[in-house]
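Below: the structure, in structure tokens.
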Amino acid sequence: MKKNSLTIRSVTVAAVAGLSLGIAAPGAIAVAQEGSQVQQVQKANIDFNKKGKLTIYKRDLAGAKATEGTGVAVDRAPGNPLPGVKFKIQKVNVDLSKAENWKDLSSLTAAGALQKGIDNSFTAQEVTTDQAGKAEFPNLPVGIYVVTETEAPQGVIKGAPFVVSVPFTDAKGTEWNYEPVVYPKNTKAEASKEVSDANKQQGEDITYTVKTPTPALGEKQLVKKYIITDDYDESKVTPKKDDIRLTIAGEEIPSDHYRVEDNDGKITITFSNFEKLNAHPSSQVVTTIPATVKAQGEIKNSAGVIFNNPNNENEIEDVTIPTNEVFSYYGEVNVVKKDENEPNKPLQGAKFQVYRSDNETCGDNDDVQIFENKKFETDDQGKLKIEGLHATNIEDNNKIINKTFCLKEIEAPAGYVTPEGKAAWHSFKIKATPKKEGEKVVSGGTIEAASLDITNKKQGTPKLPMTGGMGVGILAAIGAAIVAAGAWFARRGAKN
């Protein structure tokens, strides 16, 4: 019996193949160590005459969480069995009896394994999963194998190839397992949605970014249909249709490759030229959609993509992938202006400016004025409402922030003192409370309006002369002068 003694360490197949596919992915393969670490690991003997068996359980996770692979059967694997998936295994042309062939295996990918060549002494095997999602490959010689998903049922996207070794070490790295069991998850392409709305107020543009996948393509497979949709709240935002841009792999997709339509709160982008998409399988189309905020409240947006499943020759069913939903929150502040000494007396004509502060204070040099071209003035009821202010606690859908708005009085009503310095500034916040179902944010969030009561002092007036004071003295002086004049004329007349 041929055996080879190797000093080994364990490396997960995810590390070996860049896999990240397993619900219970193959646990580890043996890799030779170099230098001083050799003395710290154990000896292990591989029986190169022993036959192994690979068992694959194909699962549709459908939102279930993957678990770390151990290489053995799992009693309650997450997800649902996925029958009808055809797998092919090919033996890589690597002689594991030679220690020098082990050192590069820790970074081996499926593509890298195929570049090493296929061992033609082993006939490639193909097996389709049964109703339990199970496929078995018996009588496998010791070696490295590339596992490829060649066919998938209607509506299921073909998974990516991965690498597995027979045998591989157990979870403890102490024994060889010649019959590994793997649970590769269905490789579902995902679409995502983002919104960039930080520091954007009503009347300004926010940006939606949609990331949609292109399918993996096998030989002679092509993308023949590709439609991106974006659902928006037409009562609150207006998309800028002519400014929509699409890129893939960092390259802009020419606008004549697709058609953009905007109807009833839905943007539809339909491809007619698939050159860029077929040149970049398993990639992402990045779509940016600017939109102007025109009304306050909770603003929801979602998107999706529809494309043909290249694995299905009959193309009966398309693949539809929705994105997550994103939310923006906008509210208002209500101001009441009053006389400081007569609180029931509203003051009309007080004028204000609005600023944004990235901290808790107002009146600093870093405050940024918003709505620069708008005039804010209290009405005849002393009231002022400023709408379309971005929430100060959440931005970009789910980023927690702590910002502040600042209202600065720049002109008091006639007859009142315009405050100066810190007295001219008044801070407030717009708080949004998203609605959640578990950890997921859903429609129905609330925005708490801010309110401010602001008073003004009356201007001072000139003082009037006091009765009995200066006025009485003047009159007395005039009277005394008249009496003196009368006495003088009387004496003069007597002399004559």
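Cβ from N, Cα, C; glycine included.
Quick caveat, the model's predicted, so the values are computed rather than measured.
Copied over from TrEMBL:
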DOMAIN    74-167  domain 'SpaA-like prealbumin fold'
DOMAIN    185-313  domain 'Adhesin isopeptide-forming adherence'
DOMAIN    332-431  domain 'SpaA-like prealbumin fold'
SIGNAL    1-30  signal peptide
TRANSMEM  468-490  transmembrane segment
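Look at the domain 'SpaA-like prealbumin fold' (74-167): DSSP puts its residues at 12 helix, 35 strand, 47 coil. Mean pLDDT for the domain 'SpaA-like prealbumin fold' (332-431) in the predicted structure: 95. According to DSSP, the secondary structure content of the domain 'Adhesin isopeptide-forming adherence' (185-313) in residues is 11 helix, 65 strand, 53 coil. As a summary of secondary structure, the domain 'SpaA-like prealbumin fold' (332-431) carries 4 helix, 47 strand, 49 coil according to DSSP.
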